Amino acid sequence: MPALVLLGAQWGDEGKGKATDLLGGSVDYVVRYQGGNNAGHTVVVGDQKYALHLLPSGILSPGCTPVIGNGVVVDPSVLLSELSGLNERGVDTSKLLISGNAHIITPYNVTVDKVTERFLGKRKIGTTGRGIGPTYADKINRVGIRVQDLYDESILTQKVEAALDAKNQILTKLYNRRAIAADQVVEELLGYAEKIKPYVADTVLILNQALEDDKVVLFEGGQGTLLDIDHGTYPFVTSSNPTAGGACTGAGVGPTKISRVIGILKAYTTRVGSGPFPTELFDEDGEALRRIGGERGVTTGRDRRCGWFDAVIARYATRVNGLTDFFLTKLDVLTGWEEIPVCVAYEIDGKRVEELPYSQSDFHHAKPVYEMLPGWSEDISKAKSFSDLPKNAQAYVKALEEMSGAPISAIGVGPGRDETIEINSFL
Ligand code: IMP
């Protein structure tokens, strides 16, 4: 019962789409377990480039069943447009399964996300504005709308009315916005119901049966470890658990079933939105990483903040996720630097600190302590094995591995599907 979790080891955008897609050919199910269309995967297949937000990237691999688990929040309009976009390009999406227990991102959740951010002004989280936080808030407050509610008009109406009772008070009285009419929301949601119905299934049962039948199941995290609501840089986080434990709750699979946890680790660091980022660069090196790495959000189009590799964060990701392996991505982006700084520890109020501090004030004051590693200038995009890499690139990878606490089992040397060096097989 090989069940693998694949997740971001930093602040998201580590190139998970490529890694999932690489495995997609040999896995039977690819499952998203949290987040929604705040995620963004770019997958390159041949000369085709696909940008996915909500759908699991396994949707591009024939033979693989893509699953949207109960822990995901689903914007039905985004789901349907992503599906029809793929269908127009000849991708068969008929195998998709969506949990009836997944929560729906309603139009009012999107409105609340946007007005709340505006209201916060300088203190904003920098959300993607897709309604993610408010939808999870409704779930926890027990006023959420689930996919299964779309198939009972009376229950749907009652639930939407109950949710809007409180929200309209806030929208009109606090934010000075117009109230949202419950009947319009219900009508819109019912308009999606029949189109989504063929995909709705008891995904928990299906996935557990698949594991019993020795199928390969891959759980694909959105965002990244440092954006986790519990283990990330709270409050500058997303509203779900991208960390490994989230795969269990977000898909209904017990922890004893998980055999491998792979952390996707970019060879440098990026972050979108607000919040602390010790190795962030504000100089031409940061600009170069952004330009060479194409560091612009797939979902929001925002420029990503860029900085050097941070081994303190990688070690933390190893710990909170129980990582068994790393997939190091975008090593090619670092080609051309004479020396590459790597953050090995922090200096906080004059003291050297080796591990991520739990105190947010300490983390906000953390200054990176750098070790300089020699760079390389050779093109590495054609490298097929570790020994094809220039000596200094090999040494860079080995140093990162030692500092990060888990073996680096694959290395991305270019955006294409085949531009990957596999060191240890994931299966
Ligand atoms: P939200 O998920 O839209 O609520 O945004 C919360 C924080 O998570 C913001 O800083 C976003 O920029 C960040 N975020 C959300 N999704 C992603 C992602 O897929 N990659 C990187 N950052 C993300």
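Using the three backbone atoms N, Cα and C, a Cβ is placed for every residue, glycine included.
Curation does not apply to TrEMBL; its annotations are automatic.
For the IMP site, TrEMBL gives D13, E14, G15, K16, N38, A39, G40, H41, T128, R142, T238, R302; the one candidate out of Q158, Q169, Q223 that the record lists there too is Q223. When the record's IMP-binding residues D13, E14, G15, K16, N38, A39, G40, H41, T128, R142, Q223, T238, R302 are compared pairwise by CA position, the greatest distance found is 34 Å. Cα spacing between K18 (GTP binding site) and T300 (substrate binding site): 19 Å, rounded to the nearest whole number.
Across the structure, K139 (active site) and N38 (IMP binding site) are spaced 17 Å apart at their Cα atoms. Recorded residues T299 (substrate binding site) and G12 (GTP binding site) have their alpha carbons 12 Å apart, per Cα-Cα distance.
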